[in-house]
Amino acid sequence: MSTSDSIVSSQTKQSSWRKSDTTWTLGLFGTAIGAGVLFFPIRAGFGGLIPILLMLVLAYPIAFYCHRALARLCLSGSNPSGNITETVEEHFGKTGGVVITFLYFFAICPLLWIYGVTITNTFMTFWENQLGFAPLNRGFVALFLLLLMAFVIWFGKDLMVKVMSYLVWPFIASLVLISLSLIPYWNSAVIDQVDLGSLSLTGHDGILITVWLGISIMVFSFNFSPIVSSFVVSKREEYEKDFGRDFTERKCSQIISRASMLMVAVVMFFAFSCLFTLSPANMAEAKAQNIPVLSYLANHFASMTGTKTTFAITLEYAASIIALVAIFKSFFGHYLGTLEGLNGLILKFGYKGDKTKVSLGKLNTLSMIFIMGSTWVVAYANPNILDLIEAMGAPIIASLLCLLPMYAIRKAPSLAKYRGRLDNVFVTVIGLLTILNIVYKLF
């Protein structure tokens, strides 16, 4: 073998799939699987079998193409170690940096409000239905839970970071186990309700409207955008110097594709298992009760007549506990991002970016008071969680995940090679449909 052949062979071996690629595949997958997944079966199953089958077809393209677009934006910066804020500033100046900071903050903060409502409702339904205690005052419950989480965050942040990272995989395993365990309870109710003669494409309960609203919850549930910037920086530092940027882009796309496949497989199996165990009418009731699907499953098994199996009794309690842990995990992770974003905004606009004018402790205190105070107000008001996701959470995520990369591809010279592609049209349409949910909710 010649020297040149040896070099090519060595480079091919080094550039093949690495352990770090597997680690990042699982990391992206684990980031997306959180409390938001607990609401996807409700929205997906609300319209019955045909809409959820259409969502199954759309799930992977939405997850893959949208996150790949964001990764390409992150890859387009001249500095391999530059994050998304630096890249946007490079393309669009300081104004672009301010816009991305606002987008990141407002993409995460509404999620905290959603989780504040969710954890309050989940705890209250567990307290009343599984433990059998008298109802508590909602304002007191929300305040107690938020103060408890604030205490843990304030005094044990480093420990909680480790604990939450360890909880990702047990939570995913729990979802898969519950999905499998529900199989003996599957029934044909969702199939029996399919009447092809009475199906409507349009109208409030039509297939198109149901799938349109389902796109929002998919954007929300299949979302690992907060970690994409760190992921791209890591891969650029690992591959770009030796193999070039085009190779790094293909490697990032490959990792995102595999993570998306895993994510869609787990979430859609969980959604179908819930739908075949319950029914579209049950999903509508869960939406009206404003609780995640695991809490509804717990209540469903609690209300079963006759002799209950050991599994049914176990699931009745385990489902609510798993839901509470999942929501706390998601709340904590999003709190850290919101805190960092709000600290940056306060520093930028309140102190003109001068870090010497205010201590980190004071910044954290001011931000915590605003975050926890606003979350308590929303949790006490108890807006419908799915409506909140569709009207606030998902549209802001779509702005960051879909429309910002498409705008950059249109305007930035370093992204010109991606112009004119069909997948760009798909990502743009998904982003616009998600944002238009705001208009639909107003009328």
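Sequential numbering from 1, following the chain as shown.
Backbone N, Cα and C define each Cβ position, glycine as well.
According to Swiss-Prot, the transmembrane segment annotation covers 22-42 (among others), on the basis of sequence analysis. For the transmembrane segment (22-42), the residues of the chain that approach it from at least six positions outside its boundaries are 63, 67, 111, 115, 118, 168-169, 171-172, 175, 217-218, 220-224, 226-228, 231, 234-235, 255-256, 258-259, 262-263, 266-267, 270-271, 274-275, 283, 286-287, 292-294, 296, 323, 326-327, 329-331, 333, 385-386, 389, judged by C-beta separation under 8 angstroms.
The annotation transmembrane segment is assigned in Swiss-Prot to 44-64 (among others) on the grounds of sequence analysis.
The list of residues near the transmembrane segment (97-117) in space but at least 6 beyond its ends in sequence, with Cβ under 8 angstroms from a Cβ of it, reads 35-36, 84-86, 88-89, 142, 146, 225-226, 290, 327, 330-331, 334-335, 337-338, 341-342, 344-345, 348, 371, 374-376, 378-379, 382-383, 385, 388-389, 392-393, 396-397, 399-400, 404. Per Swiss-Prot, the feature transmembrane segment maps to 97-117 (among others).
Swiss-Prot lists 140-160 (among others) with the feature transmembrane segment, giving sequence analysis as the kind of evidence.
Counting only same-chain residues 6+ beyond the ends of the transmembrane segment (163-183), those with a CB under 8 A from a CB of the stretch are 29-30, 33-34, 37, 266, 269-270, 273-274, 276-277, 294, 297, 311, 315, 318-319, 322, 325-326, 329, 332-333. Annotation comment: Swiss-Prot describes 163-183 (among others) as transmembrane segment.
Swiss-Prot lists 207-227 (among others) with the feature transmembrane segment, giving sequence analysis as the kind of evidence. The list of residues near the transmembrane segment (207-227) in space but at least 6 beyond its ends in sequence, with Cβ under 8 angstroms from a Cβ of it, reads 27-29, 31-32, 36-37, 39-40, 43-44, 46-47, 50-52, 54-55, 58-59, 62-63, 66-67, 70, 107-108, 199-201, 259-260, 263-264, 267, 337, 386, 389-390, 393-395, 397-398, 400-402, 430, 433-434, 437, 440.
The annotation transmembrane segment is assigned in Swiss-Prot to 261-281 (among others) on the grounds of sequence analysis.
Annotation source Swiss-Prot lists transmembrane segment at 311-331 (among others).
Taken from Swiss-Prot, the feature transmembrane segment applies to 366-386 (among others). Sequence-distant contacts of the transmembrane segment (366-386) (same chain, at least 6 residues past either end, Cβ-Cβ under 8 Å): 39, 42-43, 109, 112-114, 116-121, 138-139, 142-143, 146-147, 150, 153-154, 217, 287, 290, 335, 338-339, 342-343, 346.
Residues or ranges marked as transmembrane segment by Swiss-Prot: 389-409 (among others). Same-chain residues lying 6 or more positions outside the transmembrane segment (389-409) and placing a CB less than 8 Å from one of its CB atoms are 36, 39, 66-67, 69-70, 72-73, 76, 88, 91-92, 100, 103-104, 106-107, 110-111, 113-114, 213, 216-217, 219-220, 223, 225, 415-416, 418-419, 424, 427-428, 430-432, 434-435, 437-438, 441.
Under the heading transmembrane segment, Swiss-Prot lists 423-443 (among others), citing sequence analysis as support.
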Key: Positions on the same chain near the transmembrane segment (423-443), where near means CB under 8 A and six or more residues out   = 61-62, 65-66, 68-69, 212-213, 215-216, 219, 387, 390-391, 394-395, 397-399, 401-403, 405-406, 409
Note = Given the transmembrane segment (311-331), its same-chain partners at Cβ distance under 8 Å and 6+ residues beyond its ends are 34-38, 111-112, 115-116, 118-119, 122-123, 125-126, 130, 149, 164, 167-168, 171, 174, 178, 181, 292, 294-295, 297-298, 301-302, 304
